[in-house]
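Undergrad: Once you've had a glance at the structure underneath, I'll fire off some questions.
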Amino acid sequence: MEFTTRTIPAQKHIALVAHDHCKQSLLDWVGTNKQQLTEHTLYATGTTGNLIQSNTGLPVKSMLSGPMGGDQQVGALISEGKIDLMIFFWDPLNAVPHDPDVKALLRLATVWNIPVATNRATADFLINSALFKEPVQIAIPDYQRYLQDRLK
(Lines of atoms letter the chains of each structure in order from A; the text may use other names.)
(Lines give C-alpha, C1' and ligand atoms only; values in the text may rest on other atoms or scores of the structure.)
Protein backbone atom coordinates (compact mmCIF):
# COMPACT_ATOMS: atom_id res chain seq x y z
CA MET A 1 0.00 0.00 0.00
CA GLU A 2 1.29 3.42 -0.96
CA PHE A 3 0.64 6.40 1.28
CA THR A 4 0.05 10.09 0.91
CA THR A 5 -0.66 12.73 3.52
CA ARG A 6 -3.52 14.88 4.62
CA THR A 7 -3.64 17.71 7.11
CA ILE A 8 -5.80 17.46 10.19
CA PRO A 9 -6.69 21.14 10.71
CA ALA A 10 -6.42 23.05 13.99
CA GLN A 11 -10.22 23.13 14.14
CA LYS A 12 -10.97 19.44 14.20
CA HIS A 13 -13.96 17.32 13.23
CA ILE A 14 -14.45 15.02 16.21
CA ALA A 15 -16.61 11.89 16.34
CA LEU A 16 -18.08 11.07 19.76
CA VAL A 17 -19.39 7.53 20.22
CA ALA A 18 -20.31 5.60 23.37
CA HIS A 19 -21.91 2.29 24.19
CA ASP A 20 -24.88 2.40 26.56
CA HIS A 21 -22.90 1.57 29.71
CA CYS A 22 -20.32 4.23 28.79
CA LYS A 23 -22.58 7.14 27.82
CA GLN A 24 -22.43 8.80 31.25
CA SER A 25 -18.65 8.58 31.27
CA LEU A 26 -18.50 10.27 27.85
CA LEU A 27 -21.02 12.91 28.97
CA ASP A 28 -18.84 13.63 32.01
CA TRP A 29 -15.73 13.88 29.82
CA VAL A 30 -17.47 16.23 27.36
CA GLY A 31 -18.71 18.35 30.27
CA THR A 32 -15.20 18.60 31.70
CA ASN A 33 -13.77 19.56 28.30
CA LYS A 34 -16.70 21.63 27.03
CA GLN A 35 -14.68 24.83 26.64
CA GLN A 36 -12.05 23.15 24.45
CA LEU A 37 -14.66 21.27 22.42
CA THR A 38 -16.55 24.46 21.48
CA GLU A 39 -13.71 25.26 19.06
CA HIS A 40 -14.31 22.08 17.06
CA THR A 41 -17.07 20.45 15.00
CA LEU A 42 -18.68 17.55 16.81
CA TYR A 43 -20.32 14.48 15.29
CA ALA A 44 -21.90 11.59 17.16
CA THR A 45 -24.05 8.55 16.81
CA GLY A 46 -27.72 9.31 17.44
CA THR A 47 -28.44 8.69 21.10
CA THR A 48 -25.01 9.84 22.22
CA GLY A 49 -25.22 13.02 20.15
CA ASN A 50 -28.66 13.93 21.44
CA LEU A 51 -27.56 13.32 25.04
CA ILE A 52 -24.47 15.50 24.59
CA GLN A 53 -26.45 18.30 22.98
CA SER A 54 -29.21 18.28 25.61
CA ASN A 55 -26.79 18.01 28.56
CA THR A 56 -24.12 20.48 27.42
CA GLY A 57 -25.73 22.73 24.82
CA LEU A 58 -22.88 21.97 22.42
CA PRO A 59 -23.94 21.65 18.79
CA VAL A 60 -23.57 18.07 17.57
CA LYS A 61 -24.19 16.64 14.11
CA SER A 62 -25.99 13.44 15.06
CA MET A 63 -26.05 10.35 12.89
CA LEU A 64 -28.44 7.45 13.37
CA SER A 65 -28.18 5.45 16.57
CA GLY A 66 -25.21 3.04 16.43
CA PRO A 67 -27.25 -0.18 16.07
CA MET A 68 -29.40 1.46 13.39
CA GLY A 69 -26.42 2.35 11.17
CA GLY A 70 -24.82 5.29 12.97
CA ASP A 71 -21.49 3.50 13.45
CA GLN A 72 -21.38 2.88 9.71
CA GLN A 73 -22.24 6.52 8.99
CA VAL A 74 -19.33 7.66 11.17
CA GLY A 75 -17.11 5.10 9.42
CA ALA A 76 -18.11 6.52 6.05
CA LEU A 77 -17.17 10.03 7.22
CA ILE A 78 -13.79 8.70 8.35
CA SER A 79 -13.24 7.09 4.93
CA GLU A 80 -14.09 10.40 3.25
CA GLY A 81 -11.56 12.31 5.38
CA LYS A 82 -14.33 14.22 7.17
CA ILE A 83 -13.51 13.00 10.70
CA ASP A 84 -10.14 13.95 12.19
CA LEU A 85 -10.27 12.07 15.47
CA MET A 86 -12.65 9.85 17.38
CA ILE A 87 -13.50 9.49 21.04
CA PHE A 88 -15.19 6.09 21.34
CA PHE A 89 -15.98 4.90 24.85
CA TRP A 90 -16.86 1.27 24.17
CA ASP A 91 -17.80 -1.37 26.67
CA PRO A 92 -15.36 -4.31 26.48
CA LEU A 93 -17.32 -6.31 29.06
CA ASN A 94 -20.68 -6.42 27.28
CA ALA A 95 -21.33 -7.74 23.80
CA VAL A 96 -23.51 -5.59 21.58
CA PRO A 97 -25.70 -6.88 18.75
CA HIS A 98 -23.98 -4.56 16.28
CA ASP A 99 -20.46 -5.71 17.26
CA PRO A 100 -19.42 -6.21 13.59
CA ASP A 101 -20.22 -2.52 12.98
CA VAL A 102 -18.10 -1.54 15.99
CA LYS A 103 -15.17 -3.59 14.71
CA ALA A 104 -15.58 -2.06 11.24
CA LEU A 105 -15.60 1.46 12.72
CA LEU A 106 -12.38 0.84 14.65
CA ARG A 107 -10.83 -0.79 11.57
CA LEU A 108 -11.60 2.26 9.41
CA ALA A 109 -10.16 4.60 12.02
CA THR A 110 -6.98 2.52 11.91
CA VAL A 111 -6.88 2.30 8.10
CA TRP A 112 -7.26 6.08 7.76
CA ASN A 113 -4.81 6.70 10.62
CA ILE A 114 -6.94 8.99 12.78
CA PRO A 115 -6.30 9.31 16.52
CA VAL A 116 -8.77 7.25 18.56
CA ALA A 117 -9.40 7.29 22.31
CA THR A 118 -11.30 4.31 23.67
CA ASN A 119 -11.22 5.35 27.32
CA ARG A 120 -11.12 8.49 29.43
CA ALA A 121 -7.37 8.39 30.13
CA THR A 122 -6.55 8.28 26.41
CA ALA A 123 -9.15 10.96 25.65
CA ASP A 124 -7.52 13.19 28.28
CA PHE A 125 -4.10 12.62 26.70
CA LEU A 126 -5.49 13.52 23.26
CA ILE A 127 -7.31 16.69 24.24
CA ASN A 128 -4.37 17.91 26.34
CA SER A 129 -1.78 17.19 23.65
CA ALA A 130 -0.15 20.22 22.04
CA LEU A 131 -1.09 18.64 18.70
CA PHE A 132 -4.80 18.93 19.55
CA LYS A 133 -4.69 22.67 18.84
CA GLU A 134 -2.39 22.52 15.82
CA PRO A 135 -2.67 21.43 12.21
CA VAL A 136 -1.10 17.96 11.93
CA GLN A 137 0.06 16.00 8.89
CA ILE A 138 -0.91 12.33 8.92
CA ALA A 139 -0.13 9.52 6.51
CA ILE A 140 -3.18 8.01 4.82
CA PRO A 141 -3.63 5.38 2.13
CA ASP A 142 -3.18 6.74 -1.37
CA TYR A 143 -6.54 5.60 -2.65
CA GLN A 144 -6.01 6.81 -6.21
CA ARG A 145 -2.81 4.78 -6.53
CA TYR A 146 -4.51 1.81 -4.85
CA LEU A 147 -7.35 2.01 -7.37
CA GLN A 148 -4.97 2.33 -10.33
CA ASP A 149 -3.04 -0.74 -9.17
CA ARG A 150 -6.26 -2.73 -8.77
CA LEU A 151 -7.44 -1.81 -12.27
CA LYS A 152 -4.27 -3.00 -14.02
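Using the three backbone atoms N, Cα and C, a Cβ is placed for every residue, glycine included.
Per Swiss-Prot, the feature domain 'MGS-like' maps to 6-152; the stated evidence is sequence analysis. Residues or ranges marked as substrate binding site in Swiss-Prot: HIS19, LYS23, THR45, GLY46, THR47, THR48, SER65, GLY66, HIS98. The active site, proton donor/acceptor annotation in Swiss-Prot covers ASP71.
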Undergrad: Within 8 Å of the Cβ centroid of the substrate site residues HIS19, LYS23, THR45, GLY46, THR47, THR48, SER65, GLY66, HIS98, which other residues of the same chain have their Cβ?
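TA: Result: VAL17, ALA18, ASP20, ALA44, PRO67, GLY70, ASP71.
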Undergrad: Only counting partners 6 or more residues apart, tell me which same-chain residues put their Cβ under 8 Å from the Cβ of HIS19 (substrate binding site).
TA: GLY66, PHE89, TRP90, ASP91, ASN94, VAL96
Undergrad: Can you name the residues of this chain that are 6 or more positions from HIS98 (substrate binding site) yet have a C-beta less than 8 Å from its C-beta?
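TA: Listed in sequence order, they are GLY66, PRO67, ASP71.
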Undergrad: Could you check the binding-site residues THR45, THR47, SER65 and say which one's CB has the most other CB atoms within 10 Å?
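TA: Counting Cβ neighbours within 10 Å, the top one is THR45.
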Undergrad: Would you mind checking how many other C-beta atoms are within 10 angstroms of the C-beta on ASP71 (active site, proton donor/acceptor)?
TA: 28
Undergrad: Which whole number of Å gives the largest C-alpha distance between any two of HIS19, LYS23, THR45, GLY46, THR47, THR48, SER65, GLY66, HIS98, the residues noted as binding substrate?
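TA: It comes out at 16 Å between the most distant Cα atoms.
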Undergrad: According to DSSP, which kind of secondary structure is THR47 (substrate binding site) found in, if we only use helix, strand and coil?
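TA: Going by the DSSP assignment, THR47 (substrate binding site) falls within a helical segment, counted as helix.
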